[in-house]
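Trainee: The structure is given below, and queries will be raised subsequently.
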Amino acid sequence: MAASSSSCARAHHLLSVLALLAAAFSVTATSSSANGGRSVVVAVGKKSAVLSLRELEWAAAARKIRGRYVQPMQAQILGEHKKAESARTAATVLELKQHFPTTIRSQPAGTERYLTRLLAADEARAASLQLPRAASTQSGSGQAVAEVPLTSGIRFQTLNYVTTIALGGQSAGAVANFTVIVDTGSDLTWVQCKPCRYCYSQQDPLFDPTGSATYAAVPCNASACAASLKEATGAPGTCARSGSGSERCYYALAYGDGSFSRGVLATDTVGLGGASLEGFVFGCGLSNRGLFGGTAGLMGLGRTELSLVSQTSSRFGGVFSYCLPATTSGDSTGSLSLGRGDSSAYRNTTPVAYTRMIADPAQPPFYFMNITGAAIGGAAVTASGLGARNVLIDSGTVISRLAPSVYHAIRAEFTLQFGAGTRYPAAPGFSILDTCYNLTGLDEVKVPLLTLQLEGGADVTVDPAGMLFMVRKDGSQVCLAMASLPYEDQMPIIGNYQQKNKRVVYDTVGSRLGFADEDCSYI
């Protein structure tokens, strides 16, 4: 959920990130009917890959998780912090998991209504990221490293990725764990707090400021209450006296879908795995409403002064990275790393390739890059929109939105290659997804992969898990997992669905973005 300088941010209840397994090497098409599975196959070499239709059947996974879903924050590793091997670098691990909702019905009608709502929310988020069209503009460092588990948030009724932070200090009883959405398009980190006047339902207990000896409200004359808060949220803080008579700074975040968070701007000790950070500025939300699922709040990884990245830059060097798991298994865990790290910090199977990180003064929280070319299944596509505009990379948008000229070129080449010689029957479009197929009864299918060519020569090939989206679990409606923007001059977005199984590195000091292949499904 992003909060831009113009106060336009996005809806956080996102479309279902459905599991697609990729083969690591060349696979010959074989039937999996013996074990009841269906697979979507692809040939190797970064041109195509093998996907399992059975793994796309999110309802089956939901039932499996449902059977063991008891007190998830106590039973899952989500609420625990894993200390890293190296005490010298103070490395720790945070999980990013993807959990299935426990309330989705298995009937097709209920499934489609739910997915329709999620895709509509994702569309509202993507639309709210756009500037008004008239105003549209073209470890060897010695730094510490913290690595924390990152997982899908499906169990928390959000289709974004989540992690766990600790808040409070000076005694063990004062520290509590909270599951928060990880968002590169937002700056202010916030959680719901007692006494909450108007709060949505969350799975964790509310944060109680009175239980933390290190909690303090930010005074009205602090810079964080004025310029910093305005840059992060679009509006400066307001002052009011508390019951004790002291003045406190209040923040107000308004999101593009009507969601909001309002409360006291405060400081406290935050724990990220084994790392403890004192005096961290965050929002103690007293009035919150919107599509945040059952999480406790949001972690802002944007670019302004109040983001977690900026507040910890002296310790972690302004560098962070993540690896988003492709599978929706409750046991599958990715990672969020703070700090530059070294070759042992990541598990990437290809070298990290970098491209220039572009800043836009009109949208200060966001991370942009330039995509100069694209190919489908190894065949280059041409489009006027390639290289024409800055492209936003965002962990909080699910489905990528492309300029119409780019999307149409990619779609045309994809439809030419997908099912070549087989002619898979077309299926109706679904919500924002307009290219769908009926794959009923098929065991394997060859799926061409999208490669994006970035400024500076880096190439990023979308994992097989990011190419197709299954609407119906019987395979009768499987769609190309990308969408077109309404207008050519709008801002393209690379969403998290197309970032799965990649190590994505954000180096804010070096002004560069890095990409490498990595199996992000750690168990």
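Keep in mind that glycine also has a Cβ here, set from the backbone N, Cα and C atoms.
As annotated in TrEMBL:
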SIGNAL    1-29  signal peptide
DOMAIN    161-516  domain 'Peptidase A1'
ACT_SITE  ASP183  active site
ACT_SITE  ASP394  active site
Trainee: Just counting, how many other CB atoms are there within 10 A of the CB of ASP394 (active site)?
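Mentor: So the number of other Cβ atoms within 10 Å of ASP394 (active site) is 25.
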Trainee: I'm trying to understand the geometry here, so how far is the Cα atom of ASP183 (active site) from the Cα atom of ASP394 (active site), in Å to the nearest whole number?
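Mentor: The separation of the Cα atoms works out to 7 Å.
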Trainee: Across all the protein chains here, work out how many other Cβ atoms are within 10 Å of the Cβ of ASP183 (active site).
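Mentor: The answer is 27.
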Trainee: Could you tell me the mean pLDDT over the domain 'Peptidase A1' (161-516), as a whole number?
Mentor: 91
